[in-house]
Amino acid sequence: MKQLSIVILLLSIVYTTKPHPTQISKKLGDDATLSCNRNNTHGYLVMSSWYKKPDSIILLAAKNDVVYFDDYTADKVSYDSPYDTLATIITIKSLTSADAGTYICAFFITSTNDTDKIDYEEYFIDLVVNPANVSTIDAILSGSTTQQDIISHTEEQHDSDTTICTSESTTQISETSESTTSSQISETSESTSYGVEDDTQYNVTTDTTDNSDTIGTLPEEDTTTISTTIHKTTTTDDNLYDTYNEPISVSSSIPTTVESVTISTTKYTTSDFIEIFGIVSLILLLAVAIFCIIYYFCSGRSRKQETNIL
């Protein structure tokens, strides 16, 4: 019971201390190695521990004995304490989005002269887990500092690319339809191939018996589908030119909503303002110096003229 109360007291001290975290960025599926070195190298290390905010205990370690808590196992988090207990290292394997957060490592140290007094040292590490298709440099340039911001930035970029591709596909289909209506209609069956963006093709089949042309439905890609039907009538050569302008029915389920794109603006830092202030001050000093030189020469001439008059 006494040992349990001591552990609870130590945990409360660790969680109420103001953190000074070090940030580490990794990608989904990678392994992350977190390490801490203690400053007090003269005391005797009683125990080292690792926690994850807000209130999750990962492990407690005393020399080579390691005890895991809160469903953590050695398969997920491996522990190592090299350099004669001067450092504590954990490796989190196969990172997921749930592994992102603030980790705390703590050392519980006692003096060799006074074993009843226990000192502690703790260090904070922020682990950021980025999606596999977003690099750390892209995340920094976009202004994303947290896991949720990085995921939101990736989704906005994907939606913007999808909207651009959809618009280009619509333009290509419109041009193809106009070209079809202006072509000469043959009395025999024929098959025409039309190219659509991304190397996708569909066939147009003409049947003189039914007097109609049908354009097949494009294969579905993601959630965007395009269905186009063109109806025309084939007649004899006498009234061929009177039947060209037949109604064309085109149905499309292309979304027209354009997602907003967030643009990050550059903010001036304190060093920028100091540099601007220094340049302005230098310009003012040069102006004052030029004014003094001009004033000196002008006053010298006036004194010389007064001397000549006298």
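Placement of Cβ uses the backbone N, Cα and C atoms for every residue, glycine included.
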So C105 is in a disulfide according to Swiss-Prot. Which of these is its partner: C36, C165? C36
Please spell out the DSSP helix, strand and coil residue counts for the topological domain 'Intravirion' (301-310). 9 helix, 0 strand, 1 coil
Could you tell me which three-state DSSP class N39 (N-linked glycosylation site) falls into? coil
Tally of residues which DSSP labels helix, strand or coil - the domain 'Ig-like V-type' (19-121): 7 helix, 56 strand, 40 coil
Taking the Cβ of C36 (disulfide bond) as the centre, count every other Cβ atom within 10 Å, in any protein chain shown. 22
Taking all protein chains shown into account, the Cβ-based neighbour count within 10 Å for C105 (disulfide bond) is 24
Number of other Cβ atoms within 10 Å of the Cβ of N133 (N-linked glycosylation site) across all protein chains: 11
Restricting to the chain of N39 (N-linked glycosylation site) and a gap of 6 or more, list residues whose Cβ falls under 8 Å of its Cβ, or answer none. E121
